[in-house]
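Colleague: Please see the structure below; I have some questions.
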């Protein structure tokens with residue numbers, strides 16, 4: 001197995017920078033856009049987000065099946081899909097340009113455009129995720145790829161936090177801001193996808209036979225570590241997505257400190273960059289599961305602090321947000337390393353290597369979590385009688401925002417860490433089964 005070049009690692013990270021231009025923009029601002037710009041009711045927007053993400057989960061599974069059946073030759077199984085990354089980027093720009101028409105037509109337009117984004121994104125993102133397992137089986141190299149992915153994904157989020165949030169908080173033309181942003185992302189993101197597809201190389205699994213539907217189902221049913229990881233992931237991502245969707249509301253309406261949004265974005269950048277470099281050390285000492293669990297615990301504590309912190313103590317609230325950011329970065333980095341491990345477990349267990357469907361199932365559960373998280377925030381806003389046209393919200397709306405940003409995420413992350421107690425694939429066991437596969441590749 002060839003050692004990964006620095007160029008290929010950077011290229012892999014660039015792919016998630018492009019992904020983040022689609023997904024982070026939606027996670028951070030789509031609910032704000034729908035309620036405050038497009039004029040869609042919070043409850044209707046929440047239902048839209050949930051329905052779209054359920055559809056997205058289905059398209060992820062379908063994309064995984066498609067990827068497993070592709071027989072790559074010159075370009076491999078996964079890389080060709082990345083060359084079409086411009087499609088979801090263009091559709092994402094359309095999502096943030098709802099026309100000023102009848103409310104029913106607005107909602108129909110929102111459903112159609114966001115649904116198309118979900119479909120196109122699955123056909124790019126699932127093959128992208130599968131590249132980790134195809135580029136290397138070395139755990140250290142995979143950790144480097146996971147770190148590069150996290151850093152790349154963070155870059156678009158940093159732009160959104162440093163540049164876009166302050167503009168929105170300053171009372172500018174929100175529609176114009178989102179139009180310019182998404183069009184810039186179309187150009188830059190398309191270049192990044194092409195760079196990833198051309199610079200990354202698939203070194204393992206080049207001769208994998210086509211996988212039947214029955215083989216895929218059997219492989220999934222017998223892969224208990226994958227199933228546990230997926231359940232834990234949907235719980236964690238639901239909580240984490242609720243935090244992300246509610247953060248702008250929390251800083252603007254609860255703390256009256258929207259100026260802290262870029263500060264929080266900077267903190268997330270520093271935390272993620274630091275962990276991407278340092279996390280291999282605690283993982284080597286205690287294992288991925290233990291560090292994953294510790295990250296979840298930080299998220300629980302952070303959520304409780306965010307919920308209870310009084311508006312008169314913004315420093316305390318910021319401390320809670322920082323703990324949640326530490327949790328998000330830790331769990332995010334380790335999730336991509338853990339999913340690659342489950343591919344080898346499934347291959348060892350059944351003799352069939354199903355990278356596409358494994359990644360697709362995890363991606364589907366994460367998409368469900370994103371939809372559920374955004375939906376929970378929207379429903380909470382509707383319950384609290386949030387009014388996007390008011391400069392100051394009623395107490396009920398403020399309580400709903402607090403719960404969305406802190407209490408609900410804390411409960412969900414706690415459920416995620418409890419679920420992970422059933423994950424039995426230790427790093428030592430993974431190394432043993434990889435050695436067995438190397439001795440008997442057939």
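Each Cβ is built from the backbone N, Cα and C atoms, and glycine gets one as well.
As annotated in TrEMBL:
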- 9-34: transmembrane segment (TRANSMEM)
- 40-58: transmembrane segment (TRANSMEM)
- 78-96: transmembrane segment (TRANSMEM)
- 108-134: transmembrane segment (TRANSMEM)
- 146-168: transmembrane segment (TRANSMEM)
- 174-195: transmembrane segment (TRANSMEM)
- 226-248: transmembrane segment (TRANSMEM)
- 260-279: transmembrane segment (TRANSMEM)
- 291-309: transmembrane segment (TRANSMEM)
- 315-339: transmembrane segment (TRANSMEM)
- 368-386: transmembrane segment (TRANSMEM)
- 398-423: transmembrane segment (TRANSMEM)
Colleague: Between the stretches 40-58, 146-168, 226-248, 260-279, which wins on the count of C-beta pairs under 8 angstroms to the transmembrane segment (174-195)?
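Modeller: Highest pair count goes to 146-168.
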Colleague: Considering pairs 6 or more residues apart, do the transmembrane segment (108-134) and the transmembrane segment (260-279) have at least three CB pairs under 8 Å?
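Modeller: Judged by the Cβ rule, the two regions do not touch, with the required three close pairs absent.
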Colleague: Establish whether the number of Cβ pairs under 8 Å between the transmembrane segment (291-309) and the transmembrane segment (398-423) reaches at least three, counting only pairs separated by 6 or more residues.
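Modeller: Answer yes, regions in contact.
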Colleague: Establish whether the number of Cβ pairs under 8 Å between the transmembrane segment (368-386) and the transmembrane segment (315-339) reaches at least three, counting only pairs separated by 6 or more residues.
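Modeller: With fewer than 3 qualifying Cβ pairs, these stretches do not touch.
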Colleague: Can you tell me which parts of the same chain pack against the transmembrane segment (226-248), counting only residues 6+ beyond its ends and a CB-CB cutoff under 8 A?
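Modeller: The answer is 27-29, 31-32, 165, 168, 220, 258, 261, 264, 296, 299, 303, 306, 321, 324, 327-328, 331, 335, 338-339, 342, 345-346, 358, 361-362, 365-366, 368-374, 376-378, 380, 401, 404-406, 408-413, 415-417, 419-420, 422-423.
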Colleague: Taking 40-58, 78-96, 146-168, 315-339 as candidates, which has the most Cβ pairs under 8 Å with the transmembrane segment (9-34)?
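Modeller: Between the candidates 40-58, 78-96, 146-168, 315-339, the best contact partner of the transmembrane segment (9-34) is 146-168.
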Colleague: Where, among 40-58, 78-96, 146-168, do we find the most CB pairs under 8 A to the transmembrane segment (315-339)?
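Modeller: Looking only at 40-58, 78-96, 146-168, the most contacts with the transmembrane segment (315-339) come from 146-168.
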